[in-house]
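Trainee: According to Swiss-Prot, the region 'Disordered' annotation covers 1-67, 679-749. Swiss-Prot lists 76-96, 187-207 with the feature transmembrane segment. Taken from Swiss-Prot, the feature topological domain 'Extracellular' applies to 97-186, supported by sequence analysis. If you look up Swiss-Prot, you'll see His504, His508, Asp580 marked as Zn(2+) binding site, on the strength of sequence analysis. Annotation comment: Swiss-Prot describes Glu505 as active site, evidence class sequence analysis.
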Amino acid sequence: MTGDPPERRSNGDRLPAERPPSNEGQTPPRKPGRNEPGSPPDWRVTPAPDGRGTPRRGRNGGGMRPFRFPGGRWGILVFILVLLGLNWWISSNALAPSERVRVPYSPNFIQQVRDGNVKEISSTGASIQGDFRADVTYPPKDDKDSVTAKKFSTEVPAFADTDELSKLLQDNDVTVNASPADNGPSLLVSILLGFGPVILIIALFVFLSRRMAGAAGGGMMSFGRSRARRSEGGEAQVTFRDVAGIDEAEAELNEIVDFLKNPQKYQRLGGKIPKGVLLSGQPGTGKTLLARAVAGEAGVPFFSMSASEFVEMIVGVGASRVRDLFRQAKEAAPAIIFIDELDAIGRARGGGRGSFGGNDEREQTLNQILTEMDGFEPTTAVIVIAATNRPEILDAALLRPGRFDRRVTVAAPDRNGRLMILKVHTRSVPLADDVDLESIASSTPGMVGADLANLVNEAALLAARRGHVKVTNSDVADALEKVVLGAERKVMMSDDDRRRTAYHESGHAIVGMLTAGADPVRKVSIIPRGQALGVTFSSPDADKYNYDERYLVGKIKVALGGRVAEEIVFGDLTTGAESDIQQLTGIARQMVGRWGMSRAIGPIAVLPSEGNGPLLPGVAETSESTQRLVDEEVRRIVDSAHAEVTRLLREHRANLDSLVAGLLDQETLDEADAYEAAGLEHMRPERVEPPAPRPSRRDGGRSVAAGPVPHGLEAPERPAQIAAPGADEPEPPTNGSGELGGSVRAGDA
């Protein structure tokens, strides 16, 4: 279990998506030439055939560029059509004879000779071609197929008297030419005319495929090659100096570093280093950073690849890439193989999660990984590091001794861890004297390393936009609000909407102030921000690692405060409490079905955990009567809390009205001002005050956010899924299978 992020409930309205900055009107900078100083390296380089990541250079020293046909795919299609059309024209028109009139041998041809209208003939076998002295039309002009021309052709029948024809031609002074019979075009010409265009098209595609193969590292034949990115030990700029806030995980990995540096030290004593290390933890905790730091500290080659990159639509490619990756790592040993998001291919086999029988490509890839890890010799200095956010769904064969037998949980940092992370990320950021990193660490429970890095970056961008020389305390505070809630919106709400929003948020705040064990109220606001029309911030005084029943019931009461306040004051309801209802229902269901906080159910888990579904799809794990009893217990807890909140707000109606008046006047009230406006004494213990009390989002999935609970009226039909930076401990769901904190859904205001 880990610490709580601040919680929030909100009056939701969707913030329009921000437009990306436009480059319109700007003159694009001239790109430096390939050989000019300061020019960036050409990214279109291909890995060397040895797979070691050495770029293959072209003749001019630059990277080999992939060939791009003008016009893309359409250009290629047009080019092919032009070739086919050219072939048809050559065969049909270019070699076709000029226009001639074809006349019968008898009586037309013979009659034209006798009339003296034949000037010259050329005889080729039985074919006669020649020229008339005057135009001849055949067939007659009234025929639609008639042709008029001086050139003619005819065929001499086999039974014709050639001697008589010869005498007739001589008598009429006709010039006679003769040539041997033409048996058609030569074999070479026929081949060129018939297959030339096809051969040309094939040659074009071969040329294009070779160019693309050179640019993509092998083209079609590279499917089975590993696509792992390799970085040498000297190139890795990440070391344990860049890792902070996760000392326990760092200590676990130091032994791996020592083995890679001094393997003889362990082999001499018969020790065997773990073949695989599994890093698990919520997103953003630094699993990938840890793996790179191990490679950087050890100074060995680092092969990194996402598990999803192994699988392609071609069967067998995943297993082939696994073999190639491990082959490269063994050749470069000592080395580290890092597989990110292992659950993409390492999901447990069987159990109804996929095809029953059948040949699943992911299973082939998983089997190949298991085989390769079994094939490591005890002296092979190759360490496999994998990262996953969901270790509970991994196949048991991956986790047995001899494979990923060392498991390192990378948890969300505590307050001291967050302070160390902030120091790492602010090394290159000039901070003003009023920035207190300890206060920031205290005000960000539940945030992980990625969230804190984003916070520092947003603060730096905000300071630059404001023209500050250094990042100030106000920059950090405003950046934290923006990261958690989004930017402020200029929304013109009616007086009635502002008043209803003020009562909704004040209801959350008053219940939080008067409920024992609830998180302190840090800030109340009716200024629209992000997807909220108003928010109430709550956060614990210190990181929480466990939750008692009183605390969880208190969270349910605070979630009901806004809805009950509307009932009391306006006598009707709105859809603005949708996310509140989802959140309190999720807490109550987990109290009954997972945490054993119901005497009627007892210490029995009747809600399936996220990683362990039913054995077969559609098969329930609990009986209908048990499920009905769970629903009854959930209703009992919620109804009891609703009655208590109604009594509390009726008794303190004056405090509620007073806080609403302060909100309508000031719009935003900090912790001290909120208690003063409500007329209640602040009995909370002293705590280190952050630069501005802010909530932290929680992991939308599996953790309880004990932090600020933004209470809210959400906007109409605008669902808003808020993913948290992370929580320090497991968190109850917002619905029957989800968790509290993290899922904030906007309703209809």
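All residue numbers here begin at 1 and follow the chain in the order shown.
The backbone N, Cα and C atoms fix where each Cβ goes, glycine too.
Owing to the predicted nature of the structure, the values given are computational and were not obtained by experimental measurement.
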Trainee: Which three-state DSSP class does Asp580 (Zn(2+) binding site) fall into?
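Mentor: Helix, per DSSP.
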Trainee: Looking only at C-alpha atoms, tell me how far Asp580 (Zn(2+) binding site) is from Glu505 (active site), rounded to the nearest Å.
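Mentor: With distance taken Cα to Cα, Glu505 (active site) is 12 Å from Asp580 (Zn(2+) binding site).
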Trainee: Please work out the helix, strand and coil residue numbers for the topological domain 'Extracellular' (97-186) from the DSSP assignment.
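Mentor: With helix first, then strand, then coil, the topological domain 'Extracellular' (97-186) has 20 helix, 35 strand, 35 coil.
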Trainee: Let me know the most crowded of the recorded positions, choosing from Glu505, Asp580 and counting other Cβ atoms within 10 Å.
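Mentor: Its Cβ has the most other Cβ atoms within 10 Å: Glu505.
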Trainee: For the topological domain 'Extracellular' (97-186), what is the mean per-residue pLDDT, to the nearest integer?
Mentor: 81
Trainee: With every protein chain in view, what's the tally of Cβ atoms within 10 Å of the Cβ of His504 (Zn(2+) binding site), excluding that atom itself?
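Mentor: Other Cβ atoms within 10 Å of His504 (Zn(2+) binding site): 34.
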Trainee: Hey, does DSSP put Glu505 (active site) in a helix, a strand, or just coil?
Mentor: helix
